[in-house]
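As recorded in TrEMBL:
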- 1-26: region 'Disordered' (REGION)
- 37-56: transmembrane segment (TRANSMEM)
- 68-89: transmembrane segment (TRANSMEM)
- 119-139: transmembrane segment (TRANSMEM)
- 146-165: transmembrane segment (TRANSMEM)
- 177-199: transmembrane segment (TRANSMEM)
- 220-239: transmembrane segment (TRANSMEM)
- 245-264: transmembrane segment (TRANSMEM)
- 276-297: transmembrane segment (TRANSMEM)
- 309-333: transmembrane segment (TRANSMEM)
- 391-413: transmembrane segment (TRANSMEM)
Amino acid sequence: MGARKRLSSAEPPPSSSSSSAKEKPIFSDPPIAPPKWGLLLKLSLFSLPYLYLLFFHYPIQSDLRRSILINAGMSLAGLFLTVKMIPVASRYVQKRNLFGYDINKKGTPQGNVKVPESLGIVVGIVFLVVTILFQYFNFTADSNWLVEYNAALACICFMTLLGFVDDVLDVPWRVKLLLPSIAALPLLMAYAGHTTIVIPKPLVPHIGIEILDLGWIYKLYMGLLAVFCTNSINIHAGLNGLEVGQTVVISSAILIHNIMQIGASTDPEYKQAHAFSIYLVQPLLATSLALLSYNWYPSSVFVGDTYTYFAGMTMAVIGILGHFSETLLIFFLPQVLNFLLSLPQLSGYIPCPRHRLPRFDPQTGLLTGTNDGTLVNFFLRNLGRKSEKALCIYLLAFQAIACCFCFMLRYFLAGWYK
């Protein structure tokens, strides 16, 4: 995260001779650092469990596996395209004064570097291109899933646009809460799936029914889930690589969950719902990894609200249309805890500063936790002073533990809870 600096209205406008040699250095910002390919290579090793489940552990139908592999190949192409496009886009956003200073490096030479802002727009565009082109290989004109697929893309596109508007206009918090509910309208209007929930088995004798139809309440729940996922990614931030890192971890867990559900099920519609989820989460994971190669510590680009809104809405759509919203919320356990810690300040009960970041000591390069209600400060208060990179790794490890806890919980409750 960084405090974005805009061109002040008090500054004199450029003269008509702006094309002269003296004016040209205004736009000659140094290029951003190259992508961290070593980081991507290390993270690629975590794909081995997914590949094992896809090719060896489960007897997945050949046509379904073919669609997943086509989507994976297109996602990989999206990764390389995103890596190439980010430096190009960074030059344009800097020309429009969309840059920030890294507050967690204030007082050091890195704290004076103009870091391009809102590079999540590149991820959103490449993601949409990949997912739209994928329809040619998988969906027919009369496909039952085509309407919901395009409605999901409309939601994601709408949210990416609104996120970019937020980066440019810096809208207040009360408006930020409304943006995801507006962006979720295409999905809510086009949703034609079931609106029922399965009653937990221990409660069936007391309630007397096994399936409960919620009707419009279910759609309201879908809208609230979109609002939570979008804003929870946005407020669990403040460190280089944290916003993108948590998205990568959750997306990886969603991917493994989907392939496990496809392999264990015999219901064709259930399999298709989870395959639908894979078709969206693979491009999200690939493009996010490309952004992480620039955003990991020390960050050479900032993702902006554009990315956090885009990632949150995409994962909400994936959970809704994949019919595993309960599992998604457990994957979001750190974000839930961060929201509960933030609630007193977000509600106005306790004064809320603009940047609820830890204090940085330029002499030692360590961060110290403040009394602000965020998971970042909570970790620092309990674990002691940490460097920004070490703290981010701790938080992402906690995210991975939460995802593993979800898998363990589903394993122990299978057959008893539902």
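Keep in mind that glycine also has a Cβ here, set from the backbone N, Cα and C atoms.
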Maximum Cβ pairs under 8 Å to the transmembrane segment (245-264) - stretch from the list 177-199, 220-239, 276-297: 276-297
Leading contact stretch, 68-89, 146-165, 177-199 vs the transmembrane segment (119-139) - CB distance under 8 Å: 68-89
Same-chain residue ranges lying at least 6 outside the transmembrane segment (68-89) that approach it to Cβ under 8 Å: 31-32, 35, 54, 60, 116, 119, 121-123, 125-127, 129-130, 133-134, 137-138, 275, 278-279, 282-283, 285-287, 289-291, 293-294, 301
